[in-house]
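One structure is given here, and the rest of the page talks about it.
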Ligand SMILES: C[C@@](CO)(OP(=O)(O)O)[C@H](O)COP(=O)(O)OP(=O)(O)OC[C@H]1O[C@@H](n2ccc(N)nc2=O)[C@H](O)[C@@H]1O
Ligand SMILES: Nc1ncnc2c1ncn2[C@@H]1O[C@H](COP(=O)(O)OP(=O)(O)O)[C@@H](O)[C@H]1O
(Lines of atoms letter the chains of each structure in order from A; the text may use other names.)
(Lines give C-alpha, C1' and ligand atoms only; values in the text may rest on other atoms or scores of the structure.)
(Ligands and ions follow the chains in the order given, each with its own letter.)
Protein backbone atom coordinates (compact mmCIF):
# COMPACT_ATOMS: atom_id res chain seq x y z
CA UNK A 1 0.00 0.00 0.00
CA UNK A 2 1.23 3.47 -0.85
CA UNK A 3 -0.08 6.59 0.90
CA UNK A 4 0.99 10.23 0.86
CA UNK A 5 1.46 11.79 4.33
CA UNK A 6 0.90 15.50 3.77
CA UNK A 7 1.99 18.60 5.65
CA UNK A 8 -0.16 21.04 7.63
CA UNK A 9 0.01 24.76 8.26
CA UNK A 10 -1.04 26.66 11.37
CA UNK A 11 -3.39 29.54 10.69
CA UNK A 12 -3.05 31.59 13.85
CA UNK A 13 -1.14 30.07 16.77
CA UNK A 14 -1.65 31.28 20.32
CA UNK A 15 0.45 29.76 23.09
CA UNK A 16 -1.90 30.35 25.97
CA UNK A 17 -0.26 28.77 29.01
CA UNK A 18 2.27 26.35 30.43
CA UNK A 19 0.93 23.05 31.71
CA UNK A 20 1.99 21.12 34.80
CA UNK A 21 3.42 18.40 32.50
CA UNK A 22 5.86 20.93 30.96
CA UNK A 23 3.97 21.16 27.66
CA UNK A 24 2.01 24.24 26.56
CA UNK A 25 -1.65 24.75 25.85
CA UNK A 26 -2.23 26.27 22.43
CA UNK A 27 -5.02 27.44 20.16
CA UNK A 28 -4.64 27.18 16.40
CA UNK A 29 -6.37 26.28 13.18
CA UNK A 30 -4.56 23.35 11.55
CA UNK A 31 -5.08 23.15 7.77
CA UNK A 32 -3.80 20.31 5.53
CA UNK A 33 -1.67 21.20 2.50
CA UNK A 34 -0.66 19.08 -0.49
CA UNK A 35 3.12 18.91 0.07
CA UNK A 36 3.62 15.24 0.91
CA UNK A 37 5.96 12.32 1.49
CA UNK A 38 5.29 8.90 -0.06
CA UNK A 39 4.93 6.00 2.36
CA UNK A 40 4.94 2.40 1.17
CA UNK A 41 4.02 -0.44 3.53
CA UNK A 42 4.32 -3.98 2.16
CA UNK A 43 3.29 -7.12 4.05
CA UNK A 44 6.06 -9.75 4.06
CA UNK A 45 5.17 -13.40 3.64
CA UNK A 46 8.80 -14.53 3.61
CA UNK A 47 9.07 -16.52 6.90
CA UNK A 48 12.60 -15.36 7.76
CA UNK A 49 11.78 -11.67 7.21
CA UNK A 50 12.33 -9.58 10.32
CA UNK A 51 9.16 -8.28 11.95
CA UNK A 52 9.52 -4.80 10.55
CA UNK A 53 12.14 -3.23 8.31
CA UNK A 54 12.45 0.46 7.52
CA UNK A 55 14.27 2.30 4.75
CA UNK A 56 14.04 5.88 3.56
CA UNK A 57 15.11 7.95 0.59
CA UNK A 58 14.84 11.61 -0.37
CA UNK A 59 15.66 14.10 2.40
CA UNK A 60 17.86 12.63 5.10
CA UNK A 61 16.15 12.32 8.47
CA UNK A 62 18.18 13.24 11.58
CA UNK A 63 18.49 10.57 14.26
CA UNK A 64 18.87 6.82 13.75
CA UNK A 65 16.38 4.83 11.70
CA UNK A 66 15.25 2.96 14.78
CA UNK A 67 13.73 6.17 16.19
CA UNK A 68 11.79 6.92 13.03
CA UNK A 69 8.18 7.76 13.78
CA UNK A 70 6.94 5.18 11.24
CA UNK A 71 8.66 2.41 13.19
CA UNK A 72 7.42 3.82 16.48
CA UNK A 73 3.87 3.75 15.11
CA UNK A 74 4.25 0.11 13.95
CA UNK A 75 5.63 -0.96 17.33
CA UNK A 76 2.88 0.87 19.19
CA UNK A 77 0.15 -1.02 17.31
CA UNK A 78 2.13 -4.28 17.61
CA UNK A 79 1.72 -4.03 21.41
CA UNK A 80 -2.03 -4.52 20.96
CA UNK A 81 -2.40 -6.43 17.66
CA UNK A 82 -0.69 -9.48 16.16
CA UNK A 83 0.69 -7.59 13.18
CA UNK A 84 2.23 -9.55 10.30
CA UNK A 85 5.80 -8.60 9.29
CA UNK A 86 6.03 -5.56 7.02
CA UNK A 87 8.65 -3.56 5.18
CA UNK A 88 8.22 0.19 5.24
CA UNK A 89 9.77 2.61 2.79
CA UNK A 90 9.47 6.36 3.25
CA UNK A 91 10.28 8.81 0.46
CA UNK A 92 10.89 11.96 2.51
CA UNK A 93 10.00 15.19 0.72
CA UNK A 94 8.48 17.49 3.36
CA UNK A 95 11.22 19.50 5.13
CA UNK A 96 12.02 18.38 8.67
CA UNK A 97 11.77 20.58 11.75
CA UNK A 98 9.90 22.96 9.52
CA UNK A 99 6.64 23.66 11.37
CA UNK A 100 4.81 21.49 8.85
CA UNK A 101 4.22 18.44 11.04
CA UNK A 102 5.85 16.15 8.49
CA UNK A 103 7.11 13.54 10.95
CA UNK A 104 3.78 13.51 12.76
CA UNK A 105 1.98 12.93 9.45
CA UNK A 106 4.23 9.92 8.71
CA UNK A 107 3.33 8.40 12.08
CA UNK A 108 -0.41 9.00 11.68
CA UNK A 109 -0.45 7.65 8.12
CA UNK A 110 1.42 4.53 9.28
CA UNK A 111 -1.35 3.91 11.83
CA UNK A 112 -4.04 4.46 9.18
CA UNK A 113 -2.30 2.24 6.62
CA UNK A 114 -1.77 -0.66 9.07
CA UNK A 115 -5.38 -0.37 10.19
CA UNK A 116 -6.57 -0.64 6.60
CA UNK A 117 -4.04 -3.18 5.36
CA UNK A 118 -4.75 -5.68 8.13
CA UNK A 119 -8.43 -4.82 8.74
CA UNK A 120 -7.71 -4.00 12.39
CA UNK A 121 -11.01 -2.15 12.69
CA UNK A 122 -9.59 0.55 15.02
CA UNK A 123 -12.07 3.41 15.46
CA UNK A 124 -11.05 6.91 14.43
CA UNK A 125 -11.05 7.90 18.10
CA UNK A 126 -8.71 5.07 19.05
CA UNK A 127 -6.40 5.80 16.11
CA UNK A 128 -6.21 9.36 17.47
CA UNK A 129 -5.32 7.97 20.91
CA UNK A 130 -2.42 5.98 19.49
CA UNK A 131 -1.29 9.01 17.46
CA UNK A 132 -1.46 11.34 20.47
CA UNK A 133 1.09 9.22 22.31
CA UNK A 134 3.60 9.70 19.46
CA UNK A 135 3.47 13.50 19.19
CA UNK A 136 1.27 16.45 20.09
CA UNK A 137 0.15 17.30 16.55
CA UNK A 138 0.07 13.70 15.33
CA UNK A 139 -3.63 13.02 16.05
CA UNK A 140 -4.67 15.81 13.67
CA UNK A 141 -3.47 13.78 10.68
CA UNK A 142 -5.84 10.87 11.38
CA UNK A 143 -8.84 12.82 10.08
CA UNK A 144 -6.58 15.23 8.20
CA UNK A 145 -9.14 17.97 7.68
CA UNK A 146 -9.21 21.63 8.79
CA UNK A 147 -9.67 21.74 12.56
CA UNK A 148 -9.59 24.26 15.37
CA UNK A 149 -7.06 22.68 17.77
CA UNK A 150 -6.45 23.29 21.44
CA UNK A 151 -4.86 21.59 24.47
CA UNK A 152 -1.42 20.32 23.42
CA UNK A 153 -2.62 20.64 19.82
CA UNK A 154 -4.21 17.24 20.21
CA UNK A 155 -7.83 18.24 20.98
CA UNK A 156 -10.14 19.26 18.16
CA UNK A 157 -13.25 21.21 17.36
CA UNK A 158 -14.82 21.24 13.88
CA UNK A 159 -14.32 24.46 11.95
CA UNK A 160 -16.27 25.74 8.97
CA UNK A 161 -13.14 27.45 7.62
CA UNK A 162 -12.52 26.31 4.05
CA UNK A 163 -9.97 27.88 1.68
CA UNK A 164 -10.77 25.56 -1.23
CA UNK A 165 -9.36 26.82 -4.54
CA UNK A 166 -7.02 29.34 -2.93
CA UNK A 167 -3.31 28.98 -3.67
CA UNK A 168 -0.67 28.41 -1.05
CA UNK A 169 3.03 29.18 -1.33
CA UNK A 170 5.37 27.56 1.19
CA UNK A 171 8.93 28.83 1.58
CA UNK A 172 11.38 26.89 3.72
CA UNK A 173 14.80 28.53 4.22
CA UNK A 174 16.34 25.29 5.47
CA UNK A 175 16.74 26.59 8.98
CA UNK A 176 16.07 23.71 11.38
CA UNK A 177 14.29 25.05 14.45
CA UNK A 178 13.55 22.40 17.05
CA UNK A 179 10.07 22.56 18.51
CA UNK A 180 11.41 22.46 22.07
CA UNK A 181 13.77 25.42 21.31
CA UNK A 182 10.90 27.45 19.88
CA UNK A 183 8.68 26.86 22.91
CA UNK A 184 11.48 27.90 25.27
CA UNK A 185 11.46 31.44 23.78
CA UNK A 186 7.76 32.01 24.48
CA UNK A 187 5.96 33.81 27.29
CA UNK A 188 2.48 32.28 27.17
CA UNK A 189 -0.52 34.63 27.27
CA UNK A 190 -4.24 34.33 26.81
CA UNK A 191 -5.24 36.27 23.66
CA UNK A 192 -7.73 39.11 23.94
CA UNK A 193 -9.66 37.93 20.86
CA UNK A 194 -10.97 34.45 20.07
CA UNK A 195 -9.15 32.96 17.06
CA UNK A 196 -12.36 31.24 15.88
CA UNK A 197 -14.04 34.64 15.58
CA UNK A 198 -11.03 36.29 13.93
CA UNK A 199 -10.98 33.60 11.24
CA UNK A 200 -14.53 34.51 10.28
CA UNK A 201 -13.32 37.92 9.11
CA UNK A 202 -12.45 38.26 5.40
CA UNK A 203 -9.00 36.80 4.75
CA UNK A 204 -7.69 40.23 3.65
CA UNK A 205 -8.15 41.43 7.25
CA UNK A 206 -6.29 38.54 8.91
CA UNK A 207 -2.92 40.31 8.49
CA UNK A 208 -3.68 42.67 11.38
CA UNK A 209 -5.32 40.13 13.68
CA UNK A 210 -4.26 36.52 13.11
CA UNK A 211 -0.86 35.94 14.72
CA UNK A 212 1.62 33.14 15.27
CA UNK A 213 3.11 33.68 18.76
CA UNK A 214 6.41 32.05 17.74
CA UNK A 215 7.13 34.84 15.23
CA UNK A 216 8.06 37.44 17.84
CA UNK A 217 11.06 35.62 19.29
CA UNK A 218 12.14 33.67 16.19
CA UNK A 219 11.94 36.67 13.81
CA UNK A 220 14.34 38.55 16.12
CA UNK A 221 16.93 35.76 16.01
CA UNK A 222 16.54 34.78 12.35
CA UNK A 223 16.20 37.85 10.09
CA UNK A 224 15.63 35.70 6.99
CA UNK A 225 12.15 34.84 8.30
CA UNK A 226 10.62 38.37 8.30
CA UNK A 227 12.35 38.98 4.95
CA UNK A 228 10.59 35.97 3.42
CA UNK A 229 7.26 37.03 4.91
CA UNK A 230 7.61 40.53 3.43
CA UNK A 231 8.44 39.09 0.01
CA UNK A 232 5.40 36.84 0.12
CA UNK A 233 3.21 39.88 0.78
CA UNK A 234 4.98 41.67 -2.09
CA UNK A 235 3.90 38.81 -4.37
CA UNK A 236 0.29 39.67 -3.54
CA UNK A 237 -0.58 37.26 -0.72
CA UNK A 238 -3.86 37.90 1.06
CA UNK A 239 -2.29 36.55 4.24
CA UNK A 240 1.21 35.39 5.22
CA UNK A 241 2.57 33.79 8.37
CA UNK A 242 5.16 31.43 9.73
CA UNK A 243 3.77 27.92 10.27
CA UNK A 244 4.05 26.24 13.69
CA UNK A 245 7.44 26.61 15.30
CA UNK A 246 9.03 27.46 11.94
CA UNK A 247 10.98 27.81 9.85
CA UNK A 248 8.51 27.55 6.95
CA UNK A 249 6.66 30.75 6.04
CA UNK A 250 3.53 30.52 3.90
CA UNK A 251 1.30 32.83 1.89
CA UNK A 252 -2.33 32.35 0.87
CA UNK A 253 -3.27 33.81 -2.52
CA UNK A 254 -6.46 34.12 -4.56
CA UNK A 255 -4.38 33.42 -7.70
CA UNK A 256 -1.42 31.22 -8.60
CA UNK A 257 1.67 33.02 -7.25
CA UNK A 258 4.85 33.32 -9.30
CA UNK A 259 7.77 33.05 -6.84
CA UNK A 260 10.30 33.38 -9.74
CA UNK A 261 13.79 33.97 -8.27
CA UNK A 262 12.59 35.55 -5.06
CA UNK A 263 13.62 32.79 -2.68
CA UNK A 264 17.13 31.64 -3.51
CA UNK A 265 18.54 29.11 -1.03
CA UNK A 266 15.02 28.15 0.05
CA UNK A 267 12.83 25.21 -0.88
CA UNK A 268 9.58 26.43 -2.39
CA UNK A 269 6.31 24.55 -2.91
CA UNK A 270 3.00 25.82 -4.23
CA UNK A 271 -0.39 24.26 -4.83
CA UNK A 272 -4.12 24.71 -4.51
CA UNK A 273 -5.80 24.19 -1.14
CA UNK A 274 -8.59 21.65 -0.72
C1 LIG B 1 4.52 23.85 17.30
C2 LIG B 1 3.51 22.91 16.73
C3 LIG B 1 2.23 23.71 16.47
O4 LIG B 1 1.39 23.06 15.59
O5 LIG B 1 3.86 22.34 15.48
P6 LIG B 1 5.25 22.10 14.67
O7 LIG B 1 5.98 23.37 14.59
O8 LIG B 1 6.07 21.05 15.38
O9 LIG B 1 4.83 21.60 13.32
C10 LIG B 1 3.18 21.78 17.70
O11 LIG B 1 2.75 22.28 18.95
C12 LIG B 1 4.32 20.83 17.96
O13 LIG B 1 3.85 19.54 18.12
P14 LIG B 1 4.85 18.27 17.99
O15 LIG B 1 5.94 18.55 17.00
O16 LIG B 1 4.00 17.07 17.75
O17 LIG B 1 5.50 18.27 19.43
P18 LIG B 1 6.01 17.04 20.34
O19 LIG B 1 6.89 16.16 19.52
O20 LIG B 1 4.85 16.45 21.06
O21 LIG B 1 6.88 17.85 21.42
C22 LIG B 1 8.17 18.37 21.19
C23 LIG B 1 8.51 19.35 22.30
O24 LIG B 1 7.79 20.59 22.08
C25 LIG B 1 7.30 21.13 23.30
N26 LIG B 1 5.83 21.21 23.22
C27 LIG B 1 5.15 20.59 22.24
C28 LIG B 1 3.78 20.71 22.13
C29 LIG B 1 3.10 21.50 23.09
N30 LIG B 1 1.77 21.68 23.05
N31 LIG B 1 3.79 22.11 24.08
C32 LIG B 1 5.15 21.99 24.15
O33 LIG B 1 5.78 22.56 25.06
C34 LIG B 1 7.81 20.23 24.40
O35 LIG B 1 9.03 20.79 24.84
C36 LIG B 1 8.07 18.92 23.69
O37 LIG B 1 9.07 18.15 24.30
N1 LIG C 1 9.45 10.20 9.56
C2 LIG C 1 10.04 11.28 10.09
N3 LIG C 1 10.06 12.45 9.41
C4 LIG C 1 10.61 13.56 9.96
N5 LIG C 1 11.18 13.60 11.17
C6 LIG C 1 11.20 12.48 11.90
C7 LIG C 1 10.61 11.27 11.39
N8 LIG C 1 10.77 10.32 12.32
C9 LIG C 1 11.41 10.88 13.36
N10 LIG C 1 11.68 12.18 13.12
C11 LIG C 1 12.34 13.11 14.07
O12 LIG C 1 11.43 14.18 14.37
C13 LIG C 1 12.08 15.46 14.27
C14 LIG C 1 11.18 16.42 13.54
O15 LIG C 1 10.20 16.83 14.39
P16 LIG C 1 9.68 18.33 14.44
O17 LIG C 1 10.80 19.24 14.79
O18 LIG C 1 8.44 18.33 15.25
O19 LIG C 1 9.38 18.64 12.93
P20 LIG C 1 8.10 18.61 12.06
O21 LIG C 1 7.75 20.05 11.96
O22 LIG C 1 8.61 18.02 10.77
O23 LIG C 1 7.07 17.75 12.74
C24 LIG C 1 13.36 15.24 13.47
O25 LIG C 1 14.42 15.92 14.08
C26 LIG C 1 13.60 13.74 13.46
O27 LIG C 1 14.67 13.38 14.27
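Just so you know, glycine gets a Cβ as well, placed from its N, Cα and C.
Caution: TrEMBL annotation is automatic and unverified by curators.
TrEMBL lists 8 (among others) with the feature active site. DSSP assigns residue 8 (active site) to a strand.
Annotation comment: TrEMBL describes 137 (among others) as active site. Residue 137 (active site) carries neither a helix nor a strand DSSP state and counts as coil. For residue 137 (active site), other Cβ atoms within 10 Å of its Cβ number 26.
The annotation ATP binding site is assigned in TrEMBL to 95, 96, 97, 98, 99, 100, 101, 102, 103, 104, 105. Listed in sequence order, the residues of the same chain lying 6 or more apart from residue 97 (ATP binding site) and placing their CB within less than 8 Å of its CB are 62, 176, 177, 178, 179, 247.
Taken from TrEMBL, the feature domain 'GHMP kinase N-terminal' covers 68-142. The average pLDDT computed for the domain 'GHMP kinase N-terminal' (68-142) is 97.
The domain 'GHMP kinase C-terminal' annotation in TrEMBL covers 202-259.
Between residue 103 (ATP binding site) and residue 137 (active site), the C-alpha separation comes to 10 Å.
Counting only residues at least six positions away in the same chain, the Cβ atoms of 5, 6, 7, 8, 36, 37, 94, 141 sit under 8 Å from the Cβ of residue 105 (ATP binding site). Residues 95, 96, 97, 98, 99, 100, 101, 102, 103, 104, 105 make up the record's ATP site, and a Cβ search at 8 Å around their centroid adds 7, 94, 244 from the same chain. Taking 99, 101, 105, 137 as the candidate recorded positions, the subset whose CB lies under 6 angstroms from any atom of ligand 1 consists of 99, 101, 137. With a CB cut-off of under 6 A applied against ligand 2, none of the recorded positions 8, 95, 105, 137 are retained. Sequence-distant contacts of residue 95 (ATP binding site), defined as residues of its own chain at least six apart whose C-beta falls under 8 angstroms from its C-beta, comprise 59, 102, 172, 174, 248, 267.
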